[in-house]
């Protein structure tokens, strides 16, 4: 089959926003205007098409990023048809993993902000992730019809809170009840959408007289931003020449692709105004797969040689699995992004991360949770495969003759865990299966069995994250579970360097004995300086320990790191230098050196000023002004460090850093303190030393 849409007319975009900025409604409108969706699904009554899990419809928040394909030829049918693949990303802070995962496979993003609430804490998290993956983006300021809507205020916040360089493409005509349309600052015309056909048609009109001066001022700002794209344009502009509409658009596009500016549009998705022009901006200013750098990877040649794949059908096939979802009718759906080449249903590909072959059974293009079977996918496509056996998020699928491993995604460690048990013994096996499946879908969620208590432990990014996992077990797998009290994922570390710590394991009792002897130094590493949180340096001179036993020493220490001497929590940020020891020709063995290393580690750890580390959360609370004192007092009681506060239209925003162990049940407490009027977000920030009294209590509770 030949390619139907040239790759330059593809746009792989994410729609990303804070909770309640109206992202789901915005996505619905995109699907409506692109002709996919004939009845607009309203999130207010739980009928939105993109939110395809029952819970999302109940909670009114988007959890799973579903991928959808749509086509757009422009508001005035001014373009050839463009194919837009939309990855819907969740806005709740417990689901940042989903956002991170979708950012990885996007070429561009639309950031949706609320015209009243502006740039929220979660918006900042998403912004950082988009920066990390260098995703070009534009902004859509939604809810211009709401009380308190202020477009230019939000433009200001994009500058001050996100440190970005926002350039408005439009101005709002009116606001709140009086919001009627937008001024297009490139064409210098007003756009008036037709209410009778839900905004499918529109008219260009003259800019209202009372807005002429403001429009001229912001038009100048737009032209200046465009002129900065090149010296030629700057000379033309400074020489007093007019820039053509084409020149302005090309220059702005170049600057968006270079991540130098953020173009800002506005509207009200709910009132059918503005989404149409934002779609035009996606085509005019966001990149196609050929506008972004080739994806980097490493060859599977034993030397990890760097390689890249360009967005072309002629290169070998390569794709990245970015999401695994369980579908009640077909089982596993593996969402993947094709970076290069072509693959047909029925083809065999290589999972280069696991060095296993997989057969592409059926390939489907998704529209929210409806699907259409397709025979092939090409560079730039996003689709889902049914029936892949052993693929996890972040795996590379590629041509078996040209193996490559694309960059791995990095997933955060969980910060909270709870014990779960099925309500009936009969459900034990079912629960195991359910949790295994859910863990495969979501790498930030972990499951294990506690060896001492034999309980099943689940761990994730926050209380809501785990609530939803328990909820999904019940809905999708019919397993009801009892849930224990949440536990904090503490860590252990050392604060001092210790030298010449000896570990000796010697047993001579008739026959072959065991002998291992090591001398090590232990020292703290700078937090975050080593991705593994551990380094091992072999400084043995003159063969006092033979080379074959060195890995056993390393392994002996690594095994101890899983359960530290203080309270049995993982040890992090530790460096070990092995520099002396001795061995016995007959009695030495790998096991003896492993045991000697573990003896030295335990001895050294005790002397190296061991500390217990606790997870600290970044907490932001928005509260009515009259409750500020109570909220701050409560955060202080929870050992919170106040980091600042600012006045908002809706009250006061408080920034604090609080230990996770003090935040359990916070939602309920905040509701009662503020009669339900405050809201908060919380995300993991860092690990820090726990105060003595806290550490002691934790150590005693663990029976150490």
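Just so you know, glycine gets a Cβ as well, placed from its N, Cα and C.
If you look up Swiss-Prot, you'll see 17-24, 88-92, 142-145 marked as GTP binding site, on the strength of similarity to another entry.
The feature domain 'tr-type G' is assigned by Swiss-Prot to 8-290.
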- Do you know which of the binding-site residues 17, 144 has the most other C-beta atoms within 10 angstroms of its C-beta? 144
- Message: On average, what pLDDT score does this prediction assign to the domain 'tr-type G' (8-290)?
- Response: 85
- Task: Count, for each of the binding-site residues 20, 23, 89, the other C-beta atoms lying within 10 angstroms of its own C-beta, and report the residue with the smallest count.
- Result: 20
- Message: So, three-state DSSP: helix, strand or coil for residue 17 (GTP binding site)?
- Response: strand
